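Asks: Dumping what Swiss-Prot says about this protein:
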BINDING   Ala9, Tyr10, Ser11, Gly12, Gly13, Leu14, Asp15, Thr16, Ser17, Ala36, Gly117  ATP binding site
BINDING   Tyr87, Asn123, Arg127, Ser176, Glu261  L-citrulline binding site
BINDING   Thr119, Asn123, Asp124  L-aspartate binding site
Amino acid sequence: MKPKHILLAYSGGLDTSTALHFLKRHFDCRVTAYCANLGQKEDWERMKRRAAIAGADELVIEDLRETFIGDFVFPALKANASYERDYLLGTPLARPAIVKGLIEYARKHDVDCLSHGCTQKGNDQVRFEMAAKILAPDLPTVAPWRIWSLQSREDLFAYCQQHGIPVESRPDNLLSHDENLVHITTEGDYLESVANAFDWRDANWITPPTQAPDAIETITLGFRRGVPVSVDGAALGPVELVERLNEAGARNGVGFQDIIENRINGLKVRGVFENPALTILHAAHRKLEKITLGRDVERLRNLVSDDYGDIVYRGLWFSDERLCLQALIDESQKYVSGDVKVQLYKGSCTPCAVESEQSLYSRELVTLHAGRAISGEDATGFLNTLGLRIGIEAARAGNTGAGA
């Protein structure tokens, strides 16, 4: 059935501007462009003009920054979530935030079809459509990349030139970027050859470590139940806190990653990520957990962290499995409150001191000096008990103590 009102997730870039024009021509129906403000640096007036030229009946811009950080980034931070123990999930966390806003708008404005500008080769089509299937299974999705004849970014640029759509991409600069409040990515062009080193002239946020200040900068992060709430003693909201850490990390060369990851479809892809705030937050959060989580709780949390990151990466933020893991994670964080000092210096991020009223660390019990010492009698009893199982296993193996 031909749609009457398509709602397109719109970034204003080459892909979605081409998609907008294509949808309007191909379906000849109302097309609303929906842009979620997740903290990307954008000329909103220019975006409005571009969307109008590309054929949008309306451009909607919604500020989702607080929702993005508070409801998506911070819950994942509590899990220390990453993908393949490397990628800090800046894009996979953004996609469900966008889809949630998109569908909430769709429900209020008689939208009968969703659309996106994700390519048929990448991960984002999965993230968009899995989230949409969970939140709005009744709304179909149309993906221009899967039905038009265009095959490359060069083709898209030529299409926009042909139809007078102003885009910032150039045929001689085909790097692709995705930006939000917690990271900016750089992909494509010369980076598609893993033999090529990243050219620091293409960095967007981060000062090259060799050009960063020669003095260490120390900041103090405050956490409450696993959630960051302050910087240097000043209580901050989620957006302002992340912005402050981005500035501090970027000027000190912190948060650069050059990653080769395994896509959802199994193919390997290379991306460069600049995520100063996330890098600082992850380091500080892990340090605080070291004194506030019991050994076995920490081990259990670590067991699910990889699964959590994999679930988010595969576009299943709204799935039952993510919600189950989140309940466990949230319970693990009830004592993760305190302050962490972090040193930033020429690309390094080093937690150097930590304090918490919920600390399980007892200096008195572990000191090398006089204190509440564990007696020799206590230690002997502990070792005898600890060795019972090992002794039984050794006897079974025939280890009589006579040598090999």
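Each residue, glycine too, has its Cβ placed from N, Cα and C.
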Asks: When the Cα of Gly117 (ATP binding site) is compared with the Cα of each of the binding-site residues Asn123, Asp124, Arg127, Ser176, which one is closest?
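Replies: Comparing Cα positions, the closest of these binding-site residues turns out to be Asp124.
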Asks: Specify the count of other C-beta atoms within 10 Å of the C-beta of Asn123 (L-citrulline binding site).
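Replies: Result for Asn123 (L-citrulline binding site): 20 other Cβ atoms within 10 Å.
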Asks: Between Asp15 (ATP binding site) and Thr119 (L-aspartate binding site), what C-alpha distance do you get in Å?
Replies: 9
Asks: Compare all C-alpha positions of Ala9, Tyr10, Ser11, Gly12, Gly13, Leu14, Asp15, Thr16, Ser17, Ala36, Gly117, the record's ATP binders, and send over the largest distance in angstrom.
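Replies: This binding site's residues have a maximal Cα-Cα distance of 16 Å.
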Asks: Identify, in sequence order, the residues in the chain of Arg127 (L-citrulline binding site) that are 6 or more apart from it along the sequence and have a CB within less than 8 Å of its CB; answer 'none' if there are none.
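Replies: In sequence order, the residues whose Cβ lies under 8 Å from that of Arg127 (L-citrulline binding site) (at least 6 apart) are Pro92, Arg95, Pro96, Val99, Arg314, Gly315.
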Asks: Taking the Cβ of Thr119 (L-aspartate binding site) as the centre, count every other Cβ atom within 10 Å, in any protein chain shown.
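Replies: Around Thr119 (L-aspartate binding site), other Cβ atoms within 10 Å: 17.
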Asks: Can you tell which of the binding-site residues (Ser17, Ser176) has the fewest other C-beta atoms within 10 angstroms of its C-beta?
Replies: Ser176
Asks: Which residues of the same chain, at least 6 positions away in sequence, have a Cβ lying under 8 Å from the Cβ of Asp124 (L-aspartate binding site)?
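Replies: Looking at Cβ-Cβ distances below 8 Å from Asp124 (L-aspartate binding site), excluding near sequence neighbours, one finds Thr91, Arg95, His116, Cys118.
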Asks: Can you tell me how far the Cα of Thr119 (L-aspartate binding site) sits from the Cα of Tyr87 (L-citrulline binding site), in Å?
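Replies: One finds 21 Å between the Cα atoms of these residues.
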Asks: Given a separation of at least six residues and a C-beta threshold under 8 Å, show me what packs close to Tyr87 (L-citrulline binding site) in the same chain.
Replies: Gln257, Ile259, Glu261, Gly271, Phe273, Tyr313
Asks: Let me make sure I understand the structure: which of the binding-site residues listed (Asp15, Glu261) has the fewest other Cβ atoms within 10 A of its Cβ?
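Replies: Checked Asp15, Glu261; of these binding-site residues, fewest Cβ neighbours within 10 Å: Glu261.
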